[in-house]
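Enquirer: Take a look at the following structure, please.
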Amino acid sequence: MVPTSKAERKAALDVASWMFNVVTSVGIIMVNKALMATYGFSFATTLTGLHFATTTIITVVLRWLGYVQPSHLPVPELLKFAFFANLSIVGMNVSLMWNSVGFYQIAKLCMIPVSCFLEVLFDKVRYSRDTKLSIVVVLLGVAVCTVTDVSVNAKGLIAAVIAVWSTALQQYYVHFLQRKYSLGSFNLLGHTAPAQAASLLLLGPFIDYLLTTKKVYAFDYNVISVFFITLSCLIAIGTNLSQFICIGRFTAVSFQVLGHMKTILVLFLGFFLFGREGLNLQVVLGMILAVAGMIWYGNASSKPGGKERRTPTDKSHKNRSLSDSEQLDEKV
């Protein structure tokens, strides 16, 4: 049945956006897991640079074909975004290397409170009691699923703090730039992907060598490994685009909360595809609790007063910017 009202059409596009992000994100995690665990390609930073290089090529082709219209993003804004985004990528990789898996997962869960703080600080957002409680339930459920051994050291703690704050700032900045400059997701990607691709491909091999003591140029490339690298790059186009679409349509907090659905799916698919070791009653209960919290969050935040700005200044401009951005994403 085709949606008739504006609200139904928006709801259908919201669901499609989330499904697009979930499918591409889970897909790229599964491909990268096979690439790194099975074929030994452990150069995560360089691989991310290749992802953005592929995304850059696609945005250039689409702009040349006329599907993406020219837009403007000031260079200082672009440099700030690229700095936060690249620091997030490097910080998460270093945090995983220097911390236990348990503490790494706890650090990832801290992104939601940090994102909430940024929205309260900069956007004057107010959350209802039910919205706050639903976020706590999601965090608790994911923690029960993923947090096992927890050990902390000084340098690992510093890396985790940098990773959490830079990731939260990068995701907040996606939403901010799309609204301020009326940019669609592909428009914003067209500005940011080339800068990230150039910087990560330049610095990635050196960072990966420091993290793995292996040289990306000395890797034994064969047909299967090149196939998985190519597949990872192709899926990354959808992952990058869907992230910008979701944060643009919603907020960084909503993206983080519902994004934990991907964590649950990755766990489930990991048990299904790579063996059931580690699957127990605690993990199952954690999954159920997390999913229940996500449903509660979706219901609570959509109610009047569930999540709202206290000072909606320049409301007409914001609504116009939102409409322009959504129209561009719908065309894509």
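Backbone N, Cα and C atoms are what each Cβ position is placed from, and that goes for glycine too.
Annotations in TrEMBL come from automatic prediction, not curation.
Pulled these features from TrEMBL for this protein:
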type	residues	note
COMPBIAS	305-316	compositional bias 'Basic and acidic residues'
DOMAIN	23-297	domain 'Sugar phosphate transporter'
REGION	302-332	region 'Disordered'
TRANSMEM	12-31	transmembrane segment
TRANSMEM	43-66	transmembrane segment
TRANSMEM	78-96	transmembrane segment
TRANSMEM	133-150	transmembrane segment
TRANSMEM	156-174	transmembrane segment
TRANSMEM	186-207	transmembrane segment
TRANSMEM	219-241	transmembrane segment
TRANSMEM	253-275	transmembrane segment
TRANSMEM	281-300	transmembrane segment
Enquirer: Could you pull the average pLDDT for the domain 'Sugar phosphate transporter' (23-297)?
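Expert: In the predicted model, the domain 'Sugar phosphate transporter' (23-297) has a mean pLDDT of 85.
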Enquirer: State the residues, same chain only, that lie 6 or more residues beyond the ends of the transmembrane segment (219-241) and have a CB under 8 A from a CB inside it; answer 'none' if no residue qualifies.
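Expert: Beyond its ends, the transmembrane segment (219-241) has Cβ neighbours at 20-21, 23-25, 27-28, 31-32, 34-35, 39-41, 43, 47, 50-55, 58, 185-186, 189, 193, 332.
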Enquirer: Top stretch among 12-31, 43-66, 156-174, 186-207 for CB pairs under 8 A with the transmembrane segment (78-96)?
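Expert: Per the Cβ count, the answer is 156-174.
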Enquirer: Can you work out which residues elsewhere in the same chain, 6+ from the ends of the transmembrane segment (43-66), have a Cβ less than 8 Å from its Cβ atoms?
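Expert: For the transmembrane segment (43-66), the list is 32, 35-36, 89-90, 93, 186, 189-190, 193-194, 196-197, 199-201, 203-205, 207-208, 211-212, 214, 216, 219, 229, 232-234, 236-237, 239-241.
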